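Visitor: Below is one structure. I have some questions about it.
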Amino acid sequence: MAATTESVRADAAEAPLLNKKNLILGSLVYVVFYAWVRWYEGIYGWSAGLDSFAPEFETYWMNFLYIEFVLEVATAGILWGYIWKTRDRKVMSITPREELRRHFTHWTWLVMYAFAIYYGASYFTEQDGTWHQTIVRDTDFTPSHIIEFYLSYPIYIITGGAAFLYAKTRLPTYQQGLHLQYMVAVVGPFMILPNVGLNEWGHTFWFMEELFVAPLHYGFVFFGWAALGVMGVVNTEVAAIAKLLKKDLA
Amino acid sequence: MSASQSAVRSRAEAVKVSRTFDWLICFTLFFVVLGGYHIHYMLTGGDWDFWTDWKDRRLWVTVAPIVSITFPAAVQAVLWWRYRLPFGAVLCILGLLLGEWVNRYMNFWGWTYFPVNFCFPSNLMPGAIVIDVILMLTNSMTVTAVLGGMAWGLLFYPGNWPVIAPLHVPVEYNGMMMTLADLQGYHYVRTGTPEYIRMVEKGTLRTFGKDVAPVSAFFSAFVSILIYFLWHFFGKWFGGTSFTQSS
């Protein structure tokens, strides 16, 4: 153990392989932000979210929707644009240590993607079930949908897109083409958002009640399977990292 | 630094780096699988899982195991066949149960005020442990599909029996006979889910009379075997590392 401590300490002067501050800060952003969102739902869901024709619905829910649309488009544009604009044009000539550092940064993005997927696909989607099985809907933009479809889904799309772009623009592992399972893991859950169109069409013209296992919802199921593509990403990463670690020691 | 050089400077650092990646990978895999599995399960078997008055002897017993064996089969196909980790199914079920319990408490109870003893999730852990152990002992996808899939379906109802039995005792209410679970449903009205939507013990061919649950479990076990085969190969594909050709 003493040898371990000494050898690791010798590298302390250079930038750390894993930037723990970014990892912790990023995690806190998701957890604190969604805690605030849940608080907002709890307060304004019942007091202002039951009747879409009421003025307070416009104040507390439709304005929330308009603001989140603008912020999401801006965030996606700026974040994805920044990652692409600052891409490494000589990615194949980086040192093994720099490559390892970038794998850590890539995994920081993937951890954020895990937070985003959890809140989007698990927390807010099942929450939508209890809200709509309890409250009769009179609009497509219910309080539950404004959070689930138009906030948590775009957030995991933005996060997944950022992780994929980071890998594609900075890691030699992903330069031989487009990683099929990675694309599936990012594009599949992305397709859940357009599938909202089918959901709303069905609920508008077919039935207003909420039966969660209705075939109308199967599009969400199909695209949810795509999350399993993360296993292909893990396999690729494990092989790449093992290769980096097993080379001759410097 | 040459291309053959390592990215780390000592074996100790290699170990530290490797362990750190392990944690990052475990966290990500757990929560992404949780998200995908949960949305799949809630939208294919969710209504039977949400409410005790849907947890009947027939459709709950039939549907829940069939739709829940999917992700465990797929994750086993990667964790066991690539890494010899014998806990793919348990990992999936732990994730699913965590997602469900957080939701039932924070949202079903915390937002729409249904008591937790009306909306607790089904217990899938006994089947998960058995199917993982069968795969570990036999190292055979076929045996796991047949014996494990069978056990998955058959163990579901007994695994939930200690929880659900007290709610299946008969009560008489306003001259009508019903179960205690049905009575919960009457008292906690879900306006968006009227009674005509509820799918409980539907069907008229009650040939086997009192044997509704065993017959349902047996049928469920049969389909679970087939679904396991299918999803094993889905899992293999999802675990692939192929690239599309650059143009």
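Note: Cβ is positioned from N, Cα and C throughout, glycine not excepted.
Remember, TrEMBL labels are computer predictions, not curated facts.
Got these off TrEMBL a minute ago, pasting:
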TRANSMEM  B:21-39  transmembrane segment
TRANSMEM  B:59-80  transmembrane segment
TRANSMEM  B:87-106  transmembrane segment
TRANSMEM  B:126-157  transmembrane segment
TRANSMEM  B:212-234  transmembrane segment
Visitor: Please identify the stretch among B:87-106, B:126-157, B:212-234 with the greatest number of Cβ pairs below 8 Å relative to the transmembrane segment (B:21-39).
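Guide: That would be B:87-106.
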Visitor: What stretch, picked from B:87-106, B:126-157, B:212-234, has the most CB pairs under 8 A with the transmembrane segment (B:59-80)?
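Guide: Between the candidates B:87-106, B:126-157, B:212-234, the best contact partner of the transmembrane segment (B:59-80) is B:212-234.
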Visitor: Quick test of the contact rule: Cβ under 8 Å, at least six residues beyond the ends. What residues does that give for the transmembrane segment (B:126-157)?
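Guide: Counting only partners 6 or more residues beyond its ends, the transmembrane segment (B:126-157) has Cβ contacts under 8 Å with 57, 61, 64-66, 68-69, 72-73, 76-77, 80-81, 86-90, 92-93, 213, 216-229, 232.
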